[in-house]
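Down below is the structure, laid out as structure tokens.
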Amino acid sequence: MSQNESGTIAIPMYDKDDAVLVLEDGQVYVGKPYGALGETTGEIVFATGMTGYQETLTDPSYDRQIVVQTFPHIGDTGVNSEDPESSRIWVAGYIVRDPSPNVSNWRAEGSLDDDLAKNGIVGLSHIDTRKLVRHLRSAGVMRAGIFSGDALTDQATGALKTIEQLLEDVKNTPQMQGLSLYDEVSTKETYTIEPCGEYEGKEPLYTVAAVDLGIKGMTPHRMAERGCRVHVVPSTITFAEIENLNPDGVFFSNGPGDPEQAGPEIELLRQVLDAGYPFFGICFGNQLLGRALGFGTYKLKFGHRGINQPVKDLTTGKVEVTAHNHGFAVDAPIGKQVDAPFENGKYGKVFVSHIDLNDDVVEGLQCVDIPAFSVQYHPEAAAGPHDAAYLFDRFCELMKNNSKEGK
């Protein structure tokens with residue numbers, strides 16, 4: 001069910017056994033409960049990956065977001081203990097068209113439906129997700145709520161809640177723009193990933209301080225595979241504490257929320273740049289580098305979320321298929337080197353190194369005069385293609401060259 005042609009709210013037919021999705025603009029969809037029963041609200045977004053739903057659910061960048069899967073059939077391979085990218089599910093809610101009734105995979109340890117229920121994730125299924133996603137592409141992402149079970153009942157009267165009552169709950173949800181969320185998802189204590197693979201048991205080639213703003217588990221492992229000892233540190237870390245780690249380079253991770261609200265992290269990053277440490281940032285880290293250099297950031301209409309986004313490396317002309325999860329982007333000029341705006345070009349020249357071929361959104365920044373670069377997407381490939389794995393090699397090369405120069 002949804003708005004009628006006049007734009008007013010249609011009266012949906014639903015009962016206590018249904019699940020109801022209410023959008024901020026009044027659209028209503030009635031389906032079946034999926035996962036836990038209850039109420040959840042957040043920003044509704046869509047993800048275009050055909051696979052990798054466990055990695056999606058456990059990506060901290062999805063904090064306070066209701067995720068719609070555009071691929072209709074979800075849950076075939078069940079869930080396992082190997083694929084999660086963090087210690088918990090972070091999505092606020094989950095929407096699929098046709099959940100798989102059967103689990104068929106040799107690694108499966110349970111069903112997705114049961115896992116969502118066990119973790120208290122309220123979901124919804126059996127709605128026209130294609131129609132919903134087309135609406136979000138047209139109107140933009142917005143606040144929404146999923147209601148099922150007792151959440152559909154007015155406790156005072158015992159009657160089903162009206163759409164107006166449900167819509168009021170949705171409109172009381174904070175807007176994503178203006179939210180600071182990285183502290184909410186960051187580790188509270190430092191932990192270390194030692195070199196692995198061919199470097200296991202050997203002295204590290206490089207030491208990296210990785211600031212956790214919502215880091216995915218695979219990311220430090222990609223650096224460890226290249227001989228790095230990675231200290232994953234809380235977002236509350238000070239520059240002095242970073243210096244005490246004696247790192248060869250500093251990394252800023254992905255994460256949720258509005259980069260404009262990350263003032264302390266931007267100031268920390270400027271201290272890192274001032275000290276001459278090699279810097280690599282991804283996703284939220286790219287946005288923070290942009291703001292540290294003096295560029296602005298802005299909210300995208302519906303963002304990039306999925307594992308099939310085409311990105312062009314403007315330095316080589318090569319096109320990469322990449323994994324994305326971002327609703328904000330850096331506002332920087334494309335096609336030329338410019339002076340970084342902060343403090344009259346204090347950080348020298350910078351240029352946009354990567355763009356998204358779907359919409360020309362900035363997907364990477366490269367500093368010319370200081371050892372710093374970043375990308376807006378996820379090179380760790382969890383889930384997703386491995387086209388951008390070379391970026392971790394580039395970071396290692398940057399640390400190697402910086403060490404040779406005695407910095």
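Here the Cβ of each residue, glycine as well, is placed from N, Cα and C on the backbone.
According to Swiss-Prot, the protein carries these features:
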type	residues	note
ACT_SITE	Cys283	active site, nucleophile
ACT_SITE	His378	active site
ACT_SITE	Glu380	active site
BINDING	Ser61, Gly255, Gly257, Phe284, Gln287, Asn325, Gly327, Phe328	L-glutamine binding site
DOMAIN	207-405	domain 'Glutamine amidotransferase type-1'
REGION	1-203	region 'CPSase'
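Across the binding-site residues listed here (Phe284, Phe328), the residue whose Cβ sits among the most other Cβ atoms within 10 Å is Phe284. Recorded residues Asn325 (L-glutamine binding site) and Cys283 (active site, nucleophile) have their alpha carbons 8 Å apart, per Cα-Cα distance. The L-glutamine site is set by Ser61, Gly255, Gly257, Phe284, Gln287, Asn325, Gly327, Phe328; from the centre of their CB atoms, other residues of the chain with a CB within 8 Å are Gly214, Asn254, Pro256, Pro259, Cys283, His326. The Cβ neighbour count for Glu380 (active site), using a 10 Å radius and every protein chain shown, is 27.
Counting only the Cα atoms, the space from Cys283 (active site, nucleophile) to Phe328 (L-glutamine binding site) is about 9 angstrom. Each of the binding-site residues Gly255, Gly257, Gly327 was scored by how many other Cβ atoms lie within 10 Å of its Cβ, and the smallest score goes to Gly327. His378 (active site) falls within a strand segment according to DSSP.
Confidence in the region 'CPSase' (1-203), given as mean pLDDT, stands at 94.
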